[in-house]
Amino acid sequence: MDLLLLQAGIFIVSIAALLWASDKFVEAAENIGLSLGISPFIIGVTIVAFGTSLPELATSIVAVLDGTPEIVIGNVVGSNITNIALVLGLTAVVVKNIDLEYNLWHIDIPFLWGSAFLLYFAVMDGNLSTYEAFLFLGGIAIFLAYSLKGQDRPDKKDRPSASWKDYAFLIAGGAIVSISASYVISAITEISVILNIAPTVIALSAVAIGTSLPEVAVSLAAARKGKASIAVGNALGSNIFNTFIVMSIPRFFGKLSIPEDIISIYLPLMLVMTILLGVMSNNRKITRWEGLVLILFYLWYFGVIVENSGG
């Protein structure tokens, strides 16, 4: 029990450090980008969007290097379900109705569907090939191209200057992300051994919730300020980046094995959730009652995890 509490403490502290370092890394990168004259919009759809998936990416790369590649798919699927079922569900309940903007309905949701089904068919054989990893990178490139299409880019006058602190946080943040991610994976491995459950189970649940906490906080804050569409955009964009980036880049560090229960249980659940969101948003809004349905879906999903963990 003492060892379990110790590893749980290491896991919580490491997740907290990972999220803090990721935030500082993205903030520093954003400031440096602005100082170089890069458009704030381009920074928003690249650096900031990438930053929301940085914790998942860091833990996934370390998992592959550490010999537990099955954590990667659990990380992606768990985070994607959490972002939509929990983040969007809570947001819809708070604001009563979420009105979806044109770009969300015509760009984000179609790409969300496409990425989800592409992931399912790509890993049905139990692994992700290098060719499929490149295909995923192509998917994110197309998504960014569509997101940037037709956007006005401000001129580069009056560029803010980046301070030495920005460069220091960029370097230190990146280092802390790497170190804390390794401790997260180490704690997952130890806890799974102590509880006699698969590391994938922890990735599907605890890691997914931990790395999605920033999205929950940001989404609820945006909702209370009357900017619920920002919350939706962040959640959907994070899922698209998770699928295309977090699944593909770790593949170049080693082979990715996909557990059978992911293919037969959790990926289908993710597809059902994705289709459900599409049906709900058909009238370009998500109501409070639909938000409650999403939350109930998440509770059901969590129950499935508990049931299949043997606990």
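A Cβ is built for glycine as well, from the same backbone N, Cα and C atoms used for every other residue.
Feature annotations, reproduced from TrEMBL:
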type: TRANSMEM; residues: 6-22; note: transmembrane segment
type: DOMAIN; residues: 8-148; note: domain 'Sodium/calcium exchanger membrane region'
type: TRANSMEM; residues: 34-52; note: transmembrane segment
type: TRANSMEM; residues: 72-95; note: transmembrane segment
type: TRANSMEM; residues: 102-122; note: transmembrane segment
type: TRANSMEM; residues: 128-146; note: transmembrane segment
type: TRANSMEM; residues: 167-188; note: transmembrane segment
type: DOMAIN; residues: 167-302; note: domain 'Sodium/calcium exchanger membrane region'
type: TRANSMEM; residues: 194-218; note: transmembrane segment
type: TRANSMEM; residues: 230-250; note: transmembrane segment
type: TRANSMEM; residues: 262-280; note: transmembrane segment
type: TRANSMEM; residues: 292-310; note: transmembrane segment
Whether the transmembrane segment (194-218) meets the transmembrane segment (292-310): three or more C-beta pairs under 8 angstroms: yes
Residue numbers, six or more beyond the limits of the transmembrane segment (102-122), whose CB comes under 8 Å of its CB atoms: 76, 80, 128, 132, 135-136, 139, 143, 146-147, 229, 232-233, 236-237, 239-240, 243-244, 247, 267-268, 270-271, 274-275, 277-278, 281, 284
Residues in the domain 'Sodium/calcium exchanger membrane region' (8-148) grouped by DSSP into helix, strand and remaining coil: 119 helix, 5 strand, 17 coil
Criterion met for the transmembrane segment (292-310) and the transmembrane segment (72-95) (at least three Cβ pairs under 8 Å): yes
